[in-house]
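The structure appears right after this line, and notes come after that.
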Amino acid sequence: MVDNLAPLEPSLQNLVDQESLKWIFVGGKGGVGKTTCSSSLAVQLAKVRESVLIISTDPAHNISDAFDQKFTKVPTKVNGFNNLFAMEIDPNAGLSELPEEYFDGENEALRVSKGVMQEMINALPGIDEAMSYAEVMKLVKGMNFSVVVFDTAPTGHTLRLIAFPQVVEKGLGKLLRLKMKLAPLLTQFVAMLGMADVNADTLSQKLDDMLRVITQVNEQFKNPDQTTFVCVCIAEFFSLYETERLVQELTKCGIDVHNIIVNQLLFLEKSHNSCSMCASRFKIQEKYLDQIADLYEDFHVTKLPLLEKEVRGPESIKAFSENLMIPFNPKETSNK
């Protein structure tokens, strides 16, 4: 019966057309071109959305290199665009990665310094990273971008990032349930640090606010109308293996995934007198492309070319991004 179904469109047009999407993750094995693909997708989304944010959660922070522009932990407009913004965060860096102003309240009584918050959570292993993520999600959500694209770290870190909303929601929930027992201790602790204007209620309110945002984000991440994941791979064994592992883990987490990008492909004509290495490489890729077609027949599989030059700078990304929408045709390229 499957053979009678028309193959799905080999592009990311379906994602650009899906106006309900709020969160798009792009990930895969290291070195497959995730940043180029996520940046290109963000450029295409900027054509049809009011405002787009691309966030790098990879400590390597390659989007600065991709757009040839330095980005920080504060959303910055990308050169050459009116509605595309970029920021780089390192979830592993914890609360130290966040600017001081993210810890400010509307009045003096609600202000909690980063140092105090850091001291209080240092005794809880892993909570620093989780709190950092929670604050970032709270920040991003408050900015009301039409859609957010995550340029993620290699697979292992990505799976941890995806699971964070659930982890944080459970962790903050436990902390809040203990707040009545901890309140006297917390009050004494901040008093010892000379922070008279900070009390347990202030910290509790911070946690309440965070929990509310994270609960909402957790619900959205599991809603295919609002969240999806794009897997990027190359036509090689280890990359395909990582992709299958990633797809299975995402499915377990309840995250929608129905788009795969196969990057760095050689497009050779049969009559083309190519070098022996190119011909061998082409045969290897053909083998794994056949496996991808069998494994992911119900996915949109987009094939991208291996280029002679690197994709760097806004104009270069704009040009390359067209390959996400229109299947690459080597004949058209050679005629230009």
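Even glycines carry a Cβ here, placed using N, Cα and C.
In Swiss-Prot this protein carries:
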- K29, G30, G31, V32, G33, K34, T35, T36, E236, N263: ATP binding site (BINDING)
- D58: active site (ACT_SITE)
- C275, C278: Zn(2+) binding site (BINDING)
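Fewest Cβ neighbours within 10 Å among the recorded positions D58, E236: that distinction goes to E236.
Rounded to a whole number, the C-alpha distance linking E236 (ATP binding site) with D58 (active site) is 23 angstrom.
In the structure shown, across all protein chains, G33 is the one of the binding-site residues G31, G33 with the greatest number of other Cβ atoms within 10 Å. The most densely surrounded of the binding-site residues C275, C278 is C278 (count of other Cβ atoms within 10 A of its Cβ). The two recorded residues C275 (Zn(2+) binding site) and G31 (ATP binding site) have their Cα atoms spaced 24 Å from each other. The 10 Å shell around the Cβ of K29 (ATP binding site) contains 22 further Cβ atoms across the protein chains shown. Put simply, D58 (active site) is 12 Å from K29 (ATP binding site) when counted between their Cα atoms.
Between the CA atoms of G31 (ATP binding site) and D58 (active site) there is a gap of 12 Å. When the alpha carbons of C278 (Zn(2+) binding site) and G33 (ATP binding site) are compared, the span between them is 20 angstrom. The binding residues for ATP are recorded as K29, G30, G31, V32, G33, K34, T35, T36, E236, N263; their greatest pairwise CA distance is 19 Å. Under the three-state DSSP scheme, K29 (ATP binding site) falls in the coil class. T35 (ATP binding site) is surrounded by 25 other CB atoms, counting those within 10 A of its CB over all protein chains shown. G33 (ATP binding site) sits 13 Å from D58 (active site), taking the C-alpha atoms as the reference points.
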